[in-house]
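As structure tokens, the structure follows; a few thoughts come after it.
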């Protein structure tokens, strides 16, 4: 017998920017026992992220920006080094990531490769992230990047070896970025 879920209550607690829900549900276990759970679920929509790499220069493009949640959780500056990313809104994942790459990094990418889709914090956040990689060259630089009006993004071009070392030193602490850097390192794309 598989588990059965019965929704008891779905109450919206906040919809200021994203949606915070209080969900009450009954979970029928495989043995037939029913357990009632009450959980808060944060629905911020789905997203996409991309790691840009240059095979010839052995480099990657990352960004640094303020992330309030890291600041609240003890990151003194709130600055986080990460891959380019954005919420899908009404876009398809590939269209979203192409738009975000131009806005955040300044690079207009050519061929992109989708790797996988992952839930990053499924205990309380609904977001499913689509992961991409793409090769870039200096000739694809369309602008300086830096994000849109309400963003303050620094574009970083780093040797892959340095970016990997920054994971070990704790300078890179973003999950999606660590996954993509390690994927690139373990593939034959850049070495």
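Placement of Cβ uses the backbone N, Cα and C atoms for every residue, glycine included.
What Swiss-Prot records for this protein:
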type    : residues                                                : note
BINDING : 17, 38, 39, 40, 67, 85, 86, 87, 104, 127, 150, 151, 176 : GDP-alpha-D-mannose binding site
BINDING : 85, 104                                                 : Mg(2+) 1 binding site
BINDING : 100, 104, 151                                           : Mg(2+) 2 binding site
DOMAIN  : 43-180                                                  : domain 'Nudix hydrolase'
MOTIF   : 86-106                                                  : motif 'Nudix box'
**Asked** Given the binding-site residues 39, 67, 176, and counting only Cβ atoms in the protein chains shown, which has the most within 10 Å of its Cβ?
**Response** 176
**Item:** DSSP residue counts for the motif 'Nudix box' (86-106), split into helix, strand and coil
**Value:** 13 helix, 2 strand, 6 coil
**Prompt:** So which binding-site residues are near residue 151 (Mg(2+) 2 binding site), with CA atoms within 10 Å, out of 39, 85, 86, 104, 176?
**Reply:** 104
**Nearest of the binding-site residues (17, 67, 176) to residue 85 (Mg(2+) 1 binding site) - Cα to Cα** = 176
**Message:** By a 10 A CB contact count over all chains shown, which of the binding-site residues listed here is most packed: 104, 150?
**Reply:** 104
**Message:** Could you give me three numbers for the domain 'Nudix hydrolase' (43-180), the DSSP helix, strand and coil residue counts?
**Reply:** 37 helix, 50 strand, 51 coil
**Fill in**
Quick tally, other C-beta within 10 angstroms, 100, 151; top of the binding-site residues is 100
**Complete:** If you measure between the CA atoms of residue 67 (GDP-alpha-D-mannose binding site) and residue 100 (Mg(2+) 2 binding site) and round to the nearest Å, you get 17
**Inter-residue C-alpha distance, residue 17 (GDP-alpha-D-mannose binding site) and residue 100 (Mg(2+) 2 binding site) (nearest angstrom)** = 19
**Asked** Sorted by position, what residues of the same chain at least six away from residue 86 (GDP-alpha-D-mannose binding site) have a C-beta under 8 A from it?
**Response** 47, 48, 96, 97, 99, 100, 103, 104
**Fill in**
Under a three-state DSSP reduction, the secondary structure at residue 39 (GDP-alpha-D-mannose binding site) is strand
**Message:** Can you name every residue in this chain, apart from 100, 104, 151, with its Cβ inside 8 Å of the center of the Cβ atoms of the recorded Mg(2+) 2 site?
**Reply:** 63, 84, 85, 86, 103, 105, 145, 146, 147, 148, 153
